[in-house]
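To keep things clear, I will list the structure first and then write my remarks on it.
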Amino acid sequence: MSEIANTIFSPELAARFDKLVTIYPLRRSALVPMLLYAQDEVGYVSDAVIAEIAERIGLLELDVRNVLSYYSMLRTKPAGKYNVQVCTNISCMLRGGYEILDHCKHKLGIGHKETTSDGVFSLEEVECIGACCWAPAIQINYDFHDDLTPEKVDVLFQMYRDGQGKDVK
Ligand code: FES
């Protein structure tokens with residue numbers, strides 16, 4: 001049974017949160033991981049997510065919103081089923097990162113932080129994702145794709161549409 005009577009989270013996540021707030025010396029240290037887990041389950045950090053996490057940790061909702069606004073990987077609006085993050089930091093930029101970003105924009109018909117009308121893809125320009133040695137790189141949800149060309153991106157998007165995204169190299 002969860003600490004919160006009317007939780008918005010699944011029983012599994014609620015149980016995970018019950019434990020998470022007990023393992024740090026300060027309860028608020030659990031805030032960022034909780035926001036990330038909640039985002040994974042709900043799709044974004046909604047007002048309801050903010051309210052429940054604040055209650056679980058014993059913070060004001062304003063405290064949660066302040067942290068939320070600092071981290072670009074946390075979002076307050078729904079993303080597409082596949083969130084495409086294109087790195088344009090130095091290694092990727094030198095190896096065509098902006099070309100990849102422009103190609104994604106053109107191919108998907110959306111801009112930075114936008115979602116396709118069918119809800120399948122959303123797009124973000126991001127800072128280094130730690131795949132510099134294989135630039136240019138993108139991340140789709142939690143999967144990395146690197147050494148990209150516009151042609152490879154086309155194949156990749158089609159495979160995600162076909163439900164085979166994780167196997168694309
Ligand atoms: S600069 Fe793009 S992954 Fe590091």
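Heads up, the Cβ atoms here are built off N, Cα and C, so glycines get one too.
Per TrEMBL, these features apply:
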type    : residues                     : note
BINDING : CYS87, CYS92, CYS128, CYS132 : [2Fe-2S] cluster binding site
Q) Near the [2Fe-2S] cluster site, what residues other than CYS87, CYS92, CYS128, CYS132 in the same chain have a C-beta no further than 8 Å from the centroid of the listed C-beta atoms? A) THR88, ASN89, ILE90, SER91, MET93, GLY97, GLU127, ILE129, GLY130, ALA131, ALA135, PRO136, ALA137
Q. In sequence order, which residues at least six apart in the same chain have a CB under 8 Å from the CB of CYS87 ([2Fe-2S] cluster binding site)?
A. GLY97, VAL126, GLU127, CYS128, ILE129, ALA131, ALA135, PRO136, ALA137, ILE138, GLN139
Q. Which Cβ among the binding-site residues (CYS92, CYS128, CYS132) has the fewest C-beta neighbours inside 10 Å?
A. CYS128
Q: Would you mind pulling the DSSP three-state label for CYS128 ([2Fe-2S] cluster binding site)?
A: coil
Q.
When DSSP is mapped onto helix/strand/coil, what comes out for CYS92 ([2Fe-2S] cluster binding site)?
A. helix
